[in-house]
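What follows is a set of notes on a single structure, which appears directly below.
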Amino acid sequence: MVIGLSSLPHAVKLLTLPNNCSSRHKHSSSTLKPPNTFSSLKHRLNHHINGGQLREAISTLDLMSGQGSHPDLVTYSLLLKSCIRSHNFRLGKLVHDYLTRSQLEPDSVLLNSLISLYSKCGEWDRASEIFEDMDDKRDLVSWSALISCYANNGLELKALSMFIDMLELGFYPNEYCYTAAIRACSNRGYVSFGEIIFGSVIKTGFLESDVCVGCALIDMFIKGKADFESACKVFDKMPERNAVTWTLLITRFQQSGFPREAIDLFLDMLVCGYVPDRFTLSGAVSASAELGPSSLGQQLHSWIIKKDLTLDVCVGCSLIDMYAKCTSDGSVTSSRKVFDRMLDHNVMSWTAIISAYVQSGADNWEAIELFCDMIQGPVKPNHFTFSSILKACANLLNPSAGEHLYSYAVKMGFASVNCVGNSLISMYTQCGDTENARKAFDVMFEKNLVSYNTIVDAYAKSSNLEEAFDLSHELEDTGIEADAFTFASLLSGASSIGAIGKGEQIHARVLKLDLKSNLHISNALISMYSRCGDIDAAFKVFNEIRDRNVISWTSMVTGFAKHGFAARALETFCRMSEAGVRPNEITYIAVLSACSHVGLISEGWKHFDSMTRDHGIVPRMEHYACMVDLLGRSGHLDEAMDFINSMPFKAGVLVLRTFLGACRVHRNRDLGMQAAKMILEQDPNDPAAYVLLSNLYASVGQWDDVADIRKSMQEMNLIKEAGCSWMEVDNKVHRFYVADTAHPRAVEIYRELDKLVLEIKELGYVPDTDLVLHEVEEEHKEHYLFQHSEKIVVAFGLISTGRSKPIRVFKNLRVCGDCHTAMKYMSMARGREIVLRDSNRFHHFKDGACSAMIIW
């Protein structure tokens, strides 16, 4: 094989030249570059530095070092600053090594640059060592650099201590010192100190002379105490603004859940003549996404096209996210078009489109396929990508796929990254596997607030409130401050089991931490009090909210609807419209439920029609179920069946189950059988359909059919959900089942129940034995009715709570007609208010009447 001379390395070419080389070769050798001199190497080094050729500059520096020569301090300083500016910190550390070997005495300029280098590397301890060794070489820049280092690396207390030391030594802070110190105060723990610094900034005039100080103050007021009013005042007082300042305020409003205000600021920016850059447009697009489906996002997209920014990854990712959030049908077609038109994809764009599929719920398997396409190419996933793909597995309830993908994350070194571990916890939680969620939490090397919030939420959703509370206290012991999500999760857990005492404890903690103005927590408090049976407390929280959003209004409408106060629910809905708050799909579910609970058929039809006509909301299965419930409760079963048959899509199990329940109440066997058949065609193993059909047969005395259904359920291993009632006493939840004798105070409870039954019979109560859905002798039916769990709980409440408090009862199934009647009499006999929450709604029994009236 012949190898050409041109293919050999340069040094080998010189060694292999023959003695009798041609004149051409002689000419080549005679023109070889002369040996490298110090001046030529220095000239070459400066040339590389000026041209931004850092690697070549380091090679030249290495060559100089090998010859025992070194550049001067100015050259070292220029090279070091170039490394810092280009974020090439590894080369910056090499420069530091060469400087150390040179044995030159670095000046303050060079040492300050080294502090900055190690600060940006995250190696604050090295930066601190350099500062300590400077002695009398320290100047104001040195102090500023180290304060900024601590602030940037999460060492706020060290930063503020340094700031105070600097002042005590007689240094007057400049704009860089102020900016760094204020940045250290941009959190709840140190914002009060930041307000003191703010006073100094005003006195020294830096607020009106430096943009960076103003931006730092805006961030401090928003991040430290969510004080948007003060942030806007700082913004208004800044005589000089630029696109960066506007973008900061727009982005902070958008990130803090105020998209409308962010868009208004964006429009003001345009009116003032400032030109938005790619970061401004990204923030505006993200804000438009939070506002829901509208033409605004498309208008911004048109502007982006005109500005020729469609290929920018940052803008493109915002557009992908916006279209995914604003789709009305769950489609990600527009997001996919934006992604496909991008010429170059990086990890951000891949993660954005994967997240779009996951968030919209359009196709989680497509998200996984996109992930597979990504890893087969040159772009490798990052921790955010793994976090999104684990969410896809959670949505699919496929933990085995999630574990497989997590093992790949471990191989790539992302196992210790918080957001990946947090997504793993969340995946197990969503799949109902609290045990593995806890294991994933326990093995995390470094837990953060999200880690705690995720596992607290897992326990809250599984009704293990004690464990959730213990973890929230553990969180406080670590020094990490609980946030709105922590309290919202705890409140949700308390509301799910009706633990109003626990909810009140959380409310007290919220007030103590001065978080009552947090909208997320306020909304959770409305929901908690409402779901725990104290609608007045819920309404009080609602009235104290200054800036209500759609969730606040919807929570209150839902609360009134569930408590049977239809008039107040509809009145609140009208006030919501007058306030200019646009209702969403959930709002209309609450409105239709309110109409259903009191039989307002014409009012229900009016709102059902207006949701599409006036607000463009396409009815979902839940809205159709509400209308079927409204017609069914009122006894209009034929009309309800016609409505089901006219639906634009096939009626789901939710709709049909609602209709079957109405057939049972009104004892319409034929339509009930038809509905049951339709349910079992979709889901042959639906136990609720068998139970409802069995109850329907029992209500008309067809005991043979009841026996056949129960036999079929046994053969298919279908288990009926056991009826359970409970109440909270002294922060402990007490549960009871039918004929339950397991409670320590069982003897007292049944003694009280026997007395109560005699009292209500004297007042006119007659047991409705037709509601006993078992074929037993007549004399046993009455005894069976008195063993229902909700009656047992009322007796327990009477012996366990003070007369001034309502007895709050919670039941997992719908309350039976006999218990409903009995509780009217119980409230009259003992003069006690009884609040019962069943699977459908609340019933307020007082002085022999129920808020549910006849339709319940």
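A Cβ is built for glycine as well, from the same backbone N, Cα and C atoms used for every other residue.
Owing to the predicted nature of the structure, the values given are computational and were not obtained by experimental measurement.
What TrEMBL lists as domain 'DYW' is 764-856. Marked as repeat 'PPR' by TrEMBL: 72-106, 107-137, 139-173, 242-276, 346-381, 448-482, 518-548, 549-583, 584-619.
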* Structure fact -> Long-range CB partners for the repeat 'PPR' (346-381) (under 8 A, at least six residues beyond its ends), listed in sequence order, are 313-314, 316-317, 320-321, 323-325, 327, 330-332, 335-336, 339, 388-389, 391-393, 395-396, 401, 405, 408, 412
* Per DSSP, what is the residue tally for the repeat 'PPR' (72-106) in helix, strand and coil? -> 27 helix, 0 strand, 8 coil
* Residues in the repeat 'PPR' (584-619) grouped by DSSP into helix, strand and remaining coil -> 26 helix, 0 strand, 10 coil
* Structure fact -> Other same-chain positions with a Cβ less than 8 Å from the repeat 'PPR' (518-548) and lying at least 6 residues past its termini are 226, 257, 484-485, 487-488, 491-492, 494-496, 498-500, 503, 506-507, 510, 555-556, 558-560, 562-563, 565, 579, 581, 806, 808, 835, 837, 842
* Secondary structure content of the repeat 'PPR' (139-173), with strand meaning DSSP E or B -> 26 helix, 0 strand, 9 coil
* For the repeat 'PPR' (107-137), the mean pLDDT of the predicted model -> 81
